[in-house]
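Enquirer: Dropping the structure in here first, questions after.
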Amino acid sequence: MGSTYSLQIPRPQKGSLPHLCQLTFIASGDLFGDLVQLSIDKFSLGRFTSHTWSGCPDGYMQIEEVSRTHNPGYWCGTAWGHNIFYSETAAVTLTLRLFNLTAPEPHPHQPSLLTPQDTILLRLGYKFLRKETAIMRYGRPSRPSYRGEELPNTFCDKIFENCDERNCKIQSPNYPGLYPRNLTCHFYIRQTRVPGGKVALVSVLQRNPHLMYIKDRNAPHLTRERKLEVGPACHSLHDYLVVYDGNTTRAPQLAKVCKGGTVLSALTASGPDLLLLFRSSPFDFPFQDSPRRRTFGFELDVEVEFVEQQSTAYVRRGGKCEYRATSQGQRSGYVQAAAHSLLPNTTCTWQLWAGMSEVVWLYFLHFRHVQHNEMPPPARCPTTFTIVDGGGRYSNGSLILGRFCKQEKLPRVCGGVHAPGPYAAPCSPHESYISTLPGMTLSLRYAAGTAPAHVEFLARYEFVDTRQWGDPTPGGGPCDRTFTVRPDRLFASPRDVFLFGRGGSQKLRCVYTFKVGSEQRVALRILRSRMGPDCATLLRNSSRRYECHHNNTNSVFNPTTKVTEKLWDGLEITRACLCNVSDSAPFNLVSYTSTLTLTFNIPTMTPAEDYNHYFFEGEYSVVGAEGLECGSGRLQGTYGNFTVGSGRGDYCDPLPRLITAPDASFLFMRVRGFEAREDNCQVASRINVFAAGSSTPLASVCPQRRDVFTNIFSSGWDQYDFTFQDRTLEDELAWLNTSWISPSANTSITTTTTTTTTTTTTTTTTTTTRSNEDMWKDDYGSSRDLVVEWVGNYSGKFLVTWVALWRPLRPASLTATRDPCPHSCGDIGACLPRELWCDGIAHCPTGADEGASACGLLAALPWVYLVAAGALLLSLVGLFLAVVIHRRHLATQQAVVAAATAAVNNGTGWKSGRQDLLLPPDPGPDPEPDAW
C-alpha cells in the first residue's frame, strides 16, 4: 500500500484474435488498503467512431467493480492526457477485448499518437489507498462529506435529506477520477424539516472552478474554453447534467449544463425538492482536455434557504409569478426577486394597491444585475425591470417611473436606511419612488431565465396615508388644520411618513384649531396618544393639572401635545400638556371659549421615528352655552377682589381671570386656602395662579372656608434689585423688612392662618419657598400679570383679593432724605398706594396698614367701641362728681356737731359763742340708773 506498481499489456498478434484479457485488482483492507487507483499511462485499442452506437468496432476496454451492478460502457481509440480511475469498492476488474488490429484513425485536429509499429496495448500504474487518505471524496475527519444514501438495486442513484444540517456533497461516480460510461444517475435532494410558516428552497452550486468538469467534446483542449455550456449546446449524445425543479423528470427543467473548468452559480428549486440527472454516453475514449487536470467529474455543494411562505421570494410551483398587496392588509412590506431559479420567458409582477387617500412609497435597499460569467453571454437585455405609477397598464393614466435593462443602469437605491446606530439616514423622496396614483406595479422579465443572468433586489414598500382630518388652515403649515361642526367629529395626528423622521423630516409642528359658535363650547376627548419613549403624562395632585414629564432636561427638544386657549388678546393659557394617553383612561376637557387649540410639536426626530412613535387620536363635540354673559374676565386697578368656585348652574365663577398689574407695580394676591402639595389636599379642586403666559403655576391653593390665606406675588418680586447707595438713608430705613432690601433667589408664597376666640385674636404667618428653577420654566415667566384658574368641581365660593405693590427705586442722589416708601407693609417689604393706606380695609397680611402705628390709636379702633368707651367715660365722670359732692356735704355736717359738743362741756357753764343756737343742745349721755 502506498506504492505505485506498473504493468504493461502488449498488442496481441493477429493470429490470436479475438483477444481477451482480464485484470482484477483487490485491496485486502487494513494495511493493504481499501481502494484501488488505476492510472492509464498509455492506451491504444482500435478505433473510436461514435459516442452512442457501435462506437468501438475493433475492440474496447471496460472497468467494472465486482460488488456493483452495472452495465458498463466502453473505451476505445487512443488515450491522451491524465486519466485516473478511483474505485468505490475494494475490487476492480479491467477487461480488454480486441477484434481487429487496425490502427486508430488520427484525430482531425491532431496527428496520430500511435504508429503501426506500436506494440503496447495498455500501460497503467496501480496503487492501493486507505480510505482515510481519500479526503477529496470523503472529506476531512473534522468535517466529513455526506455523499447521500444509495437507493437499492441501482448503480449510482442516491437520496440526500436535510442538507441544512449536513455537509452534503453530490459527486459523480468514482469521483475524483474517471466516471464510468453508460451511466444514468439520479440524485434526489429533499428537505423534510421546515420551520412553521417557512418554505425550504434547495440549491446546488460549486464555487471552486477545479471541481466542475463534465466532458462534452472529443478535443476541447485545443480551445481551452473555461465555461459551461447550457441547454442545446450540451448535445444529448454527450455527457451532461440536468437540474429539475422537483423530484421527477417531469418537473420544469432549470438548467442543462456540461463542460466546466469554472464555477457553477446556484441553481435553486422553488421548493424543498430538487432532482439532478447525470448521464454519460456509452462509448468514449480516455481523453482529457488538459494535462494539468487532476480531478474528473463534478462535486456540487447543497444549500438550503428558508424563506417566508408569504414572501415574494417564493413562487408556488405551478403558479404564476404574480403578487398583490393592498393597504387593507399590511401597511408595509418587502418586495424581492425570486430567490430560486426561473425558466426562460418568465415575467414576475408585483402589484401594490393603495386606498383612495393613499400613495405608494417604494425604495430599494439594494439592487444588482448578476451576470453568470461561466455561462454563455446572454442576448441584449436578458432581464428588464420596470416601475409603473398606477395599476400596471401603461394606458389609463399610468406613468413609467423607471425601466432598467443594462447592467450599468440601476434604480435609485437608499442604502443608509439600515445603517447601524447613529449612522442610519432617512430615505428622502429623491432617493425613492412615490406614486401619484393610488397604486404602483413592478415587473421583471427574464428572457433567458435565470441561468445566464438574474437580478437581485430588495425593496421596501409602504402605503402612505396622506389623509388629514379637518380643513386646511389658511396660511398654515402642511399639517395645520381647522375643525368646525362636522358629522364625523374625529381627528388624529398625521400619518404621512414624509412629515416624520423616517421620511426625511427633522421636526414637525401641527396646530389644530377647533371653532364653534359664539354660544357654544368645545368638548375635547383624547383617546390615545404617545410622544416618544421619554415622555409621560402626569396628573399632579398639587395643581390637578396634566403635565408632561420628560427624561431629557433640555425642554427645547422635548415633544409635547399642548391644549391651549386664547381668552384675551395676545395671551394664551395652557390647559394641559399630554404625552401618553391610553384608551382605558382618556383625557377630557371643555373649553372656556368657542375656540380651542391643540399643538402637536416634535422639535427633533431620528431617522427611525415616525407616526408610530408620535401620535394622538381623539374626538370632539359641541357643548351649548346659550345666554351666558360672564364678561371678559380681565381685571385691573390698584386693588380689587372676586370670587372663584363652582356650583349648580354657575358657569362664570370657574372661568379664569386675568389681573393686570399697573405700570411699575407688582401684584400681591391673597387666596383663601393653603398651598397644595402632592399629598396634603384632599379637596377635588384647586385655585391655580399663573404668571401670564406661563404654563407652570406660581402657586396651587387648596381652597378652604376657614380663615386660612395664601399670599402670592407676581413673578420677579423676589428678583427685584433694590440696594441703597446712601448709607445714612439705609440706616434711617432700617426698620423696613430686609426681605425686600436684598434680592432673593426664590419666590415666596406666604400662608396666613387667623384664629379668633372670645378673648384673643392670634395671627400666624408661614412662608413656603418654591425653587426658582420651577418658577422660570417658560419664556413668558417674567410677566407681572397674574392669571387665576379654578380647576375641579368642588362646590363652593372663595374670595380672592389683590393689591398693587412696588418697591422703592434707588435714590437719585446721595443727599436724598425723603422716605421712598412712606406707606410700607413691613411684613412683606412692600409699598402700598397712598389711597389704600388707612382706608378701613386691611391690605397688608397682618393689617399693618390699618394699625395704630399707621393711623393712630383712635383711628385704629372701630366707632362702636369708641361710642361705648365715651359713654363709659361720661358715666365714670358723673359718678366721680357725685361722690365728691356727697363727701363734702358729709364733712360739713360732722364739723357742726363737733363744735356744739365742745360748748356744752365748757367749765363756766356758758355756751360757747360759736355754738349754733339753732341747733338743739346735746342732751349728753344718759345717766346711769344706779348713780347718785
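Cβ from N, Cα, C; glycine included.
What TrEMBL lists as disulfide bond is Cys321-Cys348. Under the heading domain 'CUB', TrEMBL lists 156-305, 321-464. Sequence annotations record features per position, and here TrEMBL assigns region 'Disordered' to 912-932. Residues or ranges marked as transmembrane segment in TrEMBL: 863-885.
Give me the lay of the land around each of these features.
Expert: Within 10 Å of the C-beta of Cys321 (disulfide bond) there are 21 other C-beta atoms, taking all protein chains into account.
With DSSP classes pooled into helix, strand and coil, the tally for the domain 'CUB' (156-305) is 9 helix, 66 strand, 75 coil.
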Enquirer: Summarise the domain 'CUB' (321-464) by DSSP state, stating how many residues are helix, strand and coil.
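Expert: Summed over the domain 'CUB' (321-464), the classes give 6 helix, 68 strand, 70 coil.
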Enquirer: Could you tell me the mean pLDDT over the domain 'CUB' (156-305), as a whole number?
Expert: 87
